[in-house]
Structures are given as C-alpha cells and as structure tokens.
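Notes follow once the structure below has been shown.
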Amino acid sequence: MSLQMVSSVSNSSLLQPGFSLLNFDGHVYFFGQKGWPKRSCPTGVFLLDIKQDELKMKPAIFSKDSCYLPPLRYPAICTYRGDTESDNHQYIIHGGKTPNNDLSDKIYIMSLISKSSKKSTFKCIEKDLAGDVPEARYGHTINVVQSRGKSMSVIFGGRSYVPLGQRTTEKWNSVVDCSPSVFLVDFEFGCCTSYILPELQDGLSFHVSVARNDTIYILGGHSLQNNIRPPSLYKLKVDLPLGSPAVTCTVLPGGISVSSAVVTQTGDTEFVLVGGYQSENQKRLVCNTLVLEDNNIEIVERESPLWTPDIKHCRMWFGCDMGKGSVLLGIPGDNKQMISDANYFYILRCKEAEEDEEEELTAQTCSQTSTEDPGDSTPFEDSEEFCFSAEANSFDVDDTYNEDDEEDESETGYWITCSAHCSVDINTWVPFYSTELNKPAMILCSSGDGHWVHAQCMDLSETMLLRLSEANVKYFCNEHADLNKGLQTPKKMGQLKKQPMKPLRKKKAMKFTPVKKSFLRRLFE
C-alpha cells in the first residue's frame with residue numbers, strides 16, 4: 001500500500017464534506033454541494049477532472065424531461081442495472097440532507113444519456129414508492145441484491161430527526177437512530193416492504209455494507225442511543241421467489257468495531273477496509289482485507305501504509321473510494337475557518353505497483369461512502385465524509401467551472417473567528433435564526449474601522465437582530481460595548497437658528513374732514 005499527497009486542489013471551497021460520487025464509464029461526477037447551486041451550474045452536478053495534481057470542475061446539465069434534484073448531502077447511493085444484459089448502469093440516490101438541513105425521504109434514479117468533451121447530460125427521475133416507505137434519513141446504506149433473476153434494493157440504518165411532536169427549541173435538530181428495520185424496494189412496481197428481524201435490536205448508522213449476489217454483509221457502525229461502536233457483523237440473505245420475498249439475518253463472529261470506514265474493491269471477491277473510528281476520540285489506523293467466497297466473509301488484517309505525522313495526529317479524517325483499489329483521504333488544514341485549502345488530501349493505493357501500472361491507462365473510478373456529521377453528535381464522532389474521486393485521463397478542453405463568476409463566499413467572512421468565544425464552525429454549523437439558510441447571520445460592530453461578528457455569538461435574540469437590521473443605529477459587539485460607553489460624551493447640541501423678526505407695518509393716518517359747528521348743533525339738538 002502506498003500513500004501519496006495531492007499537492008494542489010483548485011476550487012476547493014466547493015469541496016466540503018457531504019459530496020457524493022457518480023461514476024459513469026470511468027468519468028466521475030459529484031453533487032451535493034453545501035448550499036444551493038449557483039447560476040454557473042444550476043444542476044449542482046460537476047464532472048471531476050484531475051490533471052497535474054490540480055482538480056477542475058466542469059458543470060453538467062439535465063435533460064428537459066428530468067426532475068429537480070436538490071443538492072443532497074450524506075445520501076445513500078449504489079449502482080443499479082435495470083437490464084442485467086446491459087452494460088449501462090444507473091445510480092440510486094436515497095435520503096440525505098437538503099441545504100435547509102431538512103432530511104429527504106425521496107428516491108431518485110440518475111443516468112447519463114450523453115457525454116461529449118464539452119458537456120455531460122443526465123436524466124434524473126423521482127421514483128414514486130408505495131407501501132412501507134422508509135422515513136427521511138441520512139448516514140444509511142443502500143445495496144442491490146439479485147436472486148432468481150430478479151433484483152431489489154435493500155435500505156438499512158441511518159439517523160433521522162426527533163419527531164416533530166417531541167422537538168424542543170433547544171434541541172430542534174437533535175437526531176436519533178432509525179429503527180433497525182430492513183426495507184426491500186422493488187423498482188419495477190414501486191413497492192416497499194419493511195422487515196423486523198429479531199437479530200437486529202439496535203439502530204446503526206455509518207456502517208459498512210458489501211453486497212454480493214443475494215447476500216449483504218453489514219459491518220461495524222455506531223449506535224447513537226448507546227453511544228457505542230459494537231464489533232457487529234450481520235449477514236442478510238434475500239430470497240426473491242415468485243411469491244413474497246424472504247429476508248433472513250445471521251449474526252457472524254469476527255466483527256470489527258469501526259464507524260465511517262471506507263471500502264474499496266481490489267478484486268472480484270476482495271475488498272479493502274480503510275479509515276474510520278474505533279472509539280469516540282481515536283481514529284482506526286489499521287487496514288483489513290474482506291474476502292467474500294463460498295457464501296461467507298473472511299476479515300484479515302493487512303499491512304497498513306506509512307501514515308504521515310499529520311494523519312496520525314489529526315483529530316478527524318474522512319475519505320471515499322476512488323475505485324480500482326484506491327482511496328482518497330482528507331484531513332483538516334491548520335485553520336478550519338479558512339475555506340480555501342481547508343483540507344489536505346492523500347491518495348491511498350491498496351494494490352501492488354505492478355497491478356496499478358497495468359490499469360493506469362484505463363483507470364476507472366467508483367465511490368461508496370459512509371458519512372457522519374459531527375454537528376449531530378459528540379465532538380470526536382464520526383467525521384463528515386464526502387465522496388471525491390478522480391480519473392487518470394483528462395480532457396484538453398478547458399471549459400471548467402470558474403468560481404470568479406460567482407460571489408466569493410470565502411472572502412465575505414461568514415466563517416471567520418469573530419471573537420474569542422466564537423462558536424461558529426463551517427463543519428458543524430446549523431441555522432439558528434429563522435432568517436438563516438446556508439450562512440450564519442452577521443452584524444457589523446462599529447468599533448474602530450468596524451468588523452463583522454456572528455449574531456449568535458453575541459447572544460442576540462431574533463427580535464433584537466431584526467430591530468438592529470431595520471434601525472439606523474450603531475452596534476457594538478460584546479468586546480467593545482463597555483469601551484464604547486467609556487468614550488461616550490454628551491451629544492453636542494446644535495445652535496438654534498434665530499428667526500429674524502418681521503418689521504411692523506405702519507398704520508395709515510386717518511384723514512378727518514372738518515365739520516362746521518352749525519351742522520353739529522343741529523345734530524345734537
């Protein structure tokens with residue numbers, strides 16, 4: 001096993017935890033960006049192209065008869081072939097988080113209908129389901145099983161929000177384990193059926209699932225209710241006769257205590273398990289080989305790569321399958337608040353050098369990920385993982401996505417450390433005010449040249465925040481409020497303007513006409 005650092009990643013501000021990967025004919029696409037798509041790529045789906053250790057993203061489009069696909073984060077994804085004789089495959093996408101931090105219960109089917117050097121066109125349809133429809137969730141898995149010439153999807157595990165009737169203001173976004181039910185989904189008729197198996201007592205999330213023919217192996221996972229990572233290993237066997245399906249579960253020995261691990265396929269029946277966590281505050285640096293043969297699974301510890309000091313000492317890591325026995329691993333940078341170059345990436349190759357050379361010219365990629373949101377659990381809980389992959393062959397046409405055409409959110413300072421007691425982290429933040437969507441509310445402190453602070457860090461109520469935004473007044477943050485009061489002086493009263501007095505009008509002199517005395521005597525007699 002060899003470990004190589006990816007020296008340069010461009011447009012990394014769009015590559016935040018929560019992405020998913022779709023692999024079509026060796027070309028890798030991702031969707032599920034944090035926040036709503038922008039005008040340069042309204043679909044939110046990009047082609048990933050790595051050339052000379054530099055990542056380029058090319059926007060993809062949807063056909064006119066496609067439905068709307070929101071940028072879901074942490075969904076369950078797997079490949080699906082409607083026609084077993086066809087080489088073309090589709091992707092099933094279920095659940096996940098929306099940019100409003102709502103959970104989705106919808107299921108989509110994605111297919112690539114055309115591909116050229118300049119653009120890729122997808123068709124996305126929403127599948128209507130009936131029966132025991134799985135509730136909205138994330139951190140779960142979906143696999144396709146085949147039995148007696150038929151195929152069905154199996155959904156298991158994950159987390160969901162507390163029911164609305166049990167939510168409180170303080171814990172509005174609290175999550176719980178989903179019930180340990182197994183769901184069978186028949187895409188031909190759109191029917192869902194749930195199965196309660198006595199062997200599955202506790203809900204699991206961020207586990208590993210590997211499917212082969214009619215059998216699914218579920219390994220590890222995290223139980224939020226008990227806050228443990230049980231060394232569990234379950235074998236689900238699905239029989240699809242002409243009548244009702246039959247699902248059985250067997251508890252196998254030799255499980256592994258791990259969550260948020262990544263699995264990559266290195267052979268027809270061989271997989272490699274990498275990464276994850278073995279306890280609340282300890283990463284799992286051991287690698288294992290999974291061999292699926294003779295209707296059984298064998299787990300063997302294998303030699304680990306020479307981990308770098310940065311990987312050994314970091315508190316969290318995340319990764320995803322790149323296909324062909326390669327895994328992309330990421331660790332946080334020195335400053336989480338900086339969006340550009342926030343993470344460092346490594347490529348772990350699990351195959352021998354000779355095998356890599358044989359497949360170098362036709363390297364294809366695929367991804368299957370198990371993700372966790374640290375904002376919904378303890379500080380060292382399973383890291384938010386996102387799907388990221390790359391292909392060896394690159395295009396010469398430079399029609400990449402250009403972030404300069406968009407608003408540069410990294411420079412607007414939404415994710416800065418606004419004060420000594422700042423609690424806003426891009427990796428764990430959830431909306432606090434009703435006016436927030438995908439960025440925290442901020443207010444300008446008028447101290448000095450002015451600086452921006454998070455309203456939530458200043459303990460501002462929503463009513464006060466609205467008043468300050470509407471009123472034309474100066475605001476001072478908690479650190480500068482007392483200083484400002486000490487510097488205040490009485491307001492200088494402006495001089496009153498004296499109104500000039502109006503000149504008095506001169507009264508006209510009355511004219512008297514002389515009257516003869518003889519006339520007056522007659523008047524009074």
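Yeah, the Cβs are placed from backbone N, Cα and C, and that goes for glycine too.
Automatic, uncurated: that is what TrEMBL annotation is.
Summarising the annotation, TrEMBL assigns Zn(2+) binding site to Cys418, Cys422, Cys445, His451, His454, Cys457, Cys477, His480. The local packing around His451 (Zn(2+) binding site), expressed as other Cβ atoms within 10 Å of its Cβ over all shown chains, amounts to 16.
Annotation comment: TrEMBL describes 362-372 as compositional bias 'Polar residues'.
If you look up TrEMBL, you'll see 373-382 marked as compositional bias 'Acidic residues'.
Taken together, the residues in the domain 'Recombination activating protein 2 PHD' (413-490) have a mean pLDDT of 77 on the 0 to 100 scale. What TrEMBL records for 413-490 is domain 'Recombination activating protein 2 PHD'.
The region 'Disordered' annotation in TrEMBL covers 362-382.
Excluding Cys418, Cys422, Cys445, His451, His454, Cys457, Cys477, His480 themselves, the residues of that chain whose CB lies within 8 A of the CB mean position for the Zn(2+) site are, in sequence, Ser419, Ile443, Trp452, Val453, Met458, Asn478, Glu479. Take the CB of Cys477 (Zn(2+) binding site) and look out to 10 A: across all protein chains shown you find 21 other CB atoms. Each of the binding-site residues Cys418, Cys422, Cys445, Cys457 was scored by the number of other CB atoms within 10 Å of its CB, and the largest score is that of Cys418.
Ranking the binding-site residues His454, His480 by C-beta neighbours within 10 Å puts His454 at the top.
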